[in-house]
Each structure stands twice: as structure tokens, then as C-alpha cells.
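Peer 1: I'd like to ask you about the structure that follows.
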Amino acid sequence: MIFPIFFTFALLLSSSLASVQDFCVANYKAPEGPAGYACKKPAKVTVDDFVYSGLGIAGNTTNIIKAAVTPAFAAQFPGVNGLGISLARLDLDAGGVIPFHTHPGASEVLLVAQGTIIAGFVSSANTVYLKTLKKGDIMVFPQGLLHFQVNGDKTPSLAYVSFSSPSPGLQILDFALFQNDLPTELIAQTTFLDVAQIKKLKGVLGARNLKHEAHEFVVQEVHRVPKGNAENPAKNQHILKTALASTQFLCYVTMIFPILFTFFLLLSSSNAAVQDFCVADLTAPDGPAGYSCKSPANVKVDDFVFSGLGVAGNTTNIIKAAVTPAFAAQFPGVNGLGISLARLDLAVGGVIPFHTHPGGSEVLIVIEGTICAGFVSSANTVYLQTLEKGDIMVFPQGLLHFQVNGGEATALAFVSFSSPSPGLQILDYALFKNDLPTELIAQTTFLDVAQIKKLKAALGGTN
Ligand SMILES: *[C@@H]1O[C@H](CO)[C@@H](O)[C@H](O)[C@H]1NC(C)=O
């Protein structure tokens, strides 16, 4: 009685463990992929890859913004690559400013370790969320939204920020608008700023030491923000608004322009965060979320088109079934896009045996015939259904499932995955088609040794 339960439990466990990649320490010598650097060979990874001491040192705030950002992103701290997290240290001298910016790739949490910081962000609905933070306070800045930090106090402040990405990115607003080759007329059309204003800022930011000048511009305006009032956020907003209204920058625009301007900035920021595509470069190493990106100059329309699913798979085999994948490995255009497909052909009596896709959920649509499909949940519930032409069924990521042709005719289905590389672990292969010792399988599955040996023999397993 108890063994079938243990058996299912062990299988689920083995399937989910098999899908886990412990870490993917950044290999700086290989190209980046859609979610970070390629993985260093595990044999070359040392503990130092997981430790970073750079945030123990105060940044140099002897500069025009009286502030310093010290990052511990994947580029500095290889151990965070692929792990969805990173940190930075912010040092703000009295009057220091981190200018308006976005992190296109991550949300941020800030912890004030010393002093006070006036911090704020602007939502997509154009609401300003502004607060004077004291030592020990934390504040979150949602992904991609414009935000800033200011030390309005007379003593230095220190904060640590954590990001929901190992490479959150940083887009400084003024640089994005005025420090590139976007035509002035176009900026005017799309921001409603005066041409003279745009030219002035382009003049300031486009010449000499660009970074230096940008900071100078920003600090000239923002360092006038008086000390905030922790007890009265409304007053803080008033203070900041007054400060901003007094800036030369906004003197050039009328009442409506700040609103349109902010809207444009949000739009432009979010557009800037988008990578249109990352067509798989199958000759470069894999990264944590797929293949490296092919150089956009080499991308052709054929990378986005795949005709292989128009051809029926060969079902003349022991399972009377065939799976034809259009994963990133076959269909490079889906790399990094979170999607892929496959074609299932099942002859009469055909079976797609119990398997999992560790990296993706699946939706199946029946095009021809009848398919009996089912999956088993972590709570060990079985969800089983006979599907007719036009029916669709979803199979949650990583759960064991199967498809059987229960009808009298050939069946055809297409499946779509929530990943360009969903992976495929066939249960019997995982158990019986490798060199896992029979005794260990018996211990860990409660199957009889004779049964294991029989299946190993059938599938070509050893030991
Ligand atoms: C800080 O930066 C300033 C300006 O670049 C430089 O003169 C100074 O030597 C730096 N201080 C330290 C401790 O590195």
C-alpha cells in the first residue's frame, strides 16, 4: 500500500532536483545571454566568486554630485550571475544627490545605514512617492520607474541597495534625453520642450566631459532642496516641488509641460529597457536563460520563422509516437522570448511516456483525434482528461505528465511552452537508462531489484 505513494514522491523529488542549477558564476570571457553571463565551469569556481568585499569601502564623494555609487552587480561580483539579485553601496555627502534615473532590469530596495535620505519615485500613473528616510528605514523602488535619492542633511549618509537582478542596469534621465544624437526637433515634438531649452541642455551635455557636465547640471538644480521633514511627507513633497519649480530647467515650460514631460520620460525609459530579441547564437555557450545573442546585424527573417512543425513526425517506433520540437535549439528566434512549441504525433495506441519539463509550463491543443492526458501535482493529485479536437489543457511547470492516444485514429496536437528551452526529462530514462546503481534505485524507489534490472536491460541502463 505505502510503496506507490513513496514511489511517486521519490519521482517528483528526483525530477525537481534534476532541474536545479545550483549556481552560474559569471564567465567574463564568454558572451552575455538574455539573463546574464555564461556560466564558468563548476570545476573553476572558488569561494571567492561568492564573496565580495568592495562594499566595505566608502565611495569617493569628492565630485560634483557629492555622491558615489559602488556596485556589486554581476560585472563586479560574479557569484550573483543568474541568481536574480545584486547590491550596491550609496555614499551621499551633505547635499549629495543621486540624480533621477531608472533601473530597467530590476526593482530596488534601499536601506539607510547612516544619516537621512530623501528618496522618491514616480509611478506610471504619474504619482510621486516621496519620503525622508532615517537610519534603519527601507524603501522599495519598483522596476523601471524613475527615482532619485538626496541627502538634504548636514551630515553624510550611507545606504545599501539591493536589486532583483544581477545586472539591473542604470539609465540616467538627462543622459537619455540630451546626451545622444536624438534630433532636437524630434525631442521637441515628443517632449513639448522648447527647442532653445533642448539645445541648451544638449550643449551642456554634448560637449567636453559629458558625465561631469551632466552631474553639474543636475546638482546645480537639485542641491537647493532644503532639509526634508520626516514627520510630514506632504511638506516634503511641497519642498521638493518648490525646489523643482525654482529650477531654471522648468522655467522654460508652462503648467502642462511637466506632466507631459514626465509621461514621456517614463515611456522613453521603459522603451529603453526593452531588448527586442536575442536570436540564439548556437555557436556560443549557453547562459542561465538561454543562448547568447547573435549580433543583430546577422539576424535574418528566417531566424523568426520555422517550418519544421508542418511535417508529421515518424511514429513507426516502440511508443508509436513522435515529438518534434521547435525549441531555441531548433528555432533560434524564440531564444530569450519565454516561449516555444512542439508537435506531437500519436499513432493509434501511441504514448508520450511520463515526463517533465523542468523549465516550462505547457499548453496542449488537440488538432486531430482524441488524447487522454494527465499530470500529477506536488500534492499527489492526478488530473486526468480525455481531450477532443479543439480542447486545450495546461500542464504546470515541472510536474510529471503524459499523453496517450485513446482513440481509433491518429492524433495530432501542438504544445506551447512558457520557455524557449523547456527541457524534457523522461521518467524511465532518468531511472533506468543511465548508470545509477540498481541497489540505489531500489533503496530510493522501493522497486524490486528484478524489476529495475528488467527495465535497465530494456532501456540500456548499466550498473
Ligand atoms: C576623490 O576624488 C577626487 C576627485 O577626483 C580626488 O582628487 C581625490 O584624490 C579622491 N580621493 C580619494 C581618497 O581617492
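Placement of Cβ uses the backbone N, Cα and C atoms for every residue, glycine included.
Sharing the feature lines straight out of TrEMBL:
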- His355, His357, Glu362, His401: Mn(2+) binding site (BINDING)
- His357, Glu362: oxalate binding site (BINDING)
- Cys278-Cys293: disulfide bond (DISULFID)
- 53-199: domain 'Cupin type-1' (DOMAIN)
- 307-453: domain 'Cupin type-1' (DOMAIN)
- 1-18: signal peptide (SIGNAL)
Peer 1: For the recorded Mn(2+) site formed by His355, His357, Glu362, His401, name the remaining residues of the chain with Cβ within 8 Å of the site's Cβ center, in chain order.
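Peer 2: Same chain, not in His355, His357, Glu362, His401, Cβ within 8 Å: Thr356, Phe375, Phe395, Leu399, Leu400, Pro422, Leu424.
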Peer 1: If you average per-residue pLDDT over the domain 'Cupin type-1' (53-199), what number do you get?
Peer 2: 83
Peer 1: Once the chains shown are all counted, how many other Cβ atoms turn up within 10 Å of the Cβ of Cys293 (disulfide bond)?
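Peer 2: There are 22 of them.
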Peer 1: Inside 10 Å of the Cβ of His355 (Mn(2+) binding site), count up the other Cβ atoms and send me the figure.
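Peer 2: There are 20 of them.
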Peer 1: Residues with Cβ closer than 8 Å to the Cβ of Glu362 (Mn(2+) binding site), same chain and 6+ apart in sequence?
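Peer 2: Val394, Phe395, His401, Val415, Ser416, Phe417, Ser418, Pro422 - these are the non-local Cβ neighbours of Glu362 (Mn(2+) binding site), listed in sequence order.
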Peer 1: Round to the nearest Å and give the CA-to-CA distance linking Cys278 (disulfide bond) with His355 (Mn(2+) binding site).
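Peer 2: Counting only the Cα atoms, the answer is 29 Å.
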Peer 1: Which one, from the binding-site residues His357, His401, has the smallest tally of other C-beta atoms lying within 10 Å of its C-beta?
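Peer 2: Looking at the binding-site residues His357, His401, the Cβ with the fewest others within 10 Å is that of His401.
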Peer 1: Cα-Cα, whole number of Å: Cys293 (disulfide bond) versus His357 (Mn(2+) binding site)?
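Peer 2: With distance taken Cα to Cα, His357 (Mn(2+) binding site) is 24 Å from Cys293 (disulfide bond).
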Peer 1: Reduce the DSSP letter at His401 (Mn(2+) binding site) to three states and note it down.
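Peer 2: DSSP assigns His401 (Mn(2+) binding site) to strand.
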Peer 1: For the domain 'Cupin type-1' (53-199), how many residues does DSSP put in helix, in strand and in coil?
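Peer 2: Split into helix, strand and coil, the domain 'Cupin type-1' (53-199) gives 25 helix, 55 strand, 67 coil.
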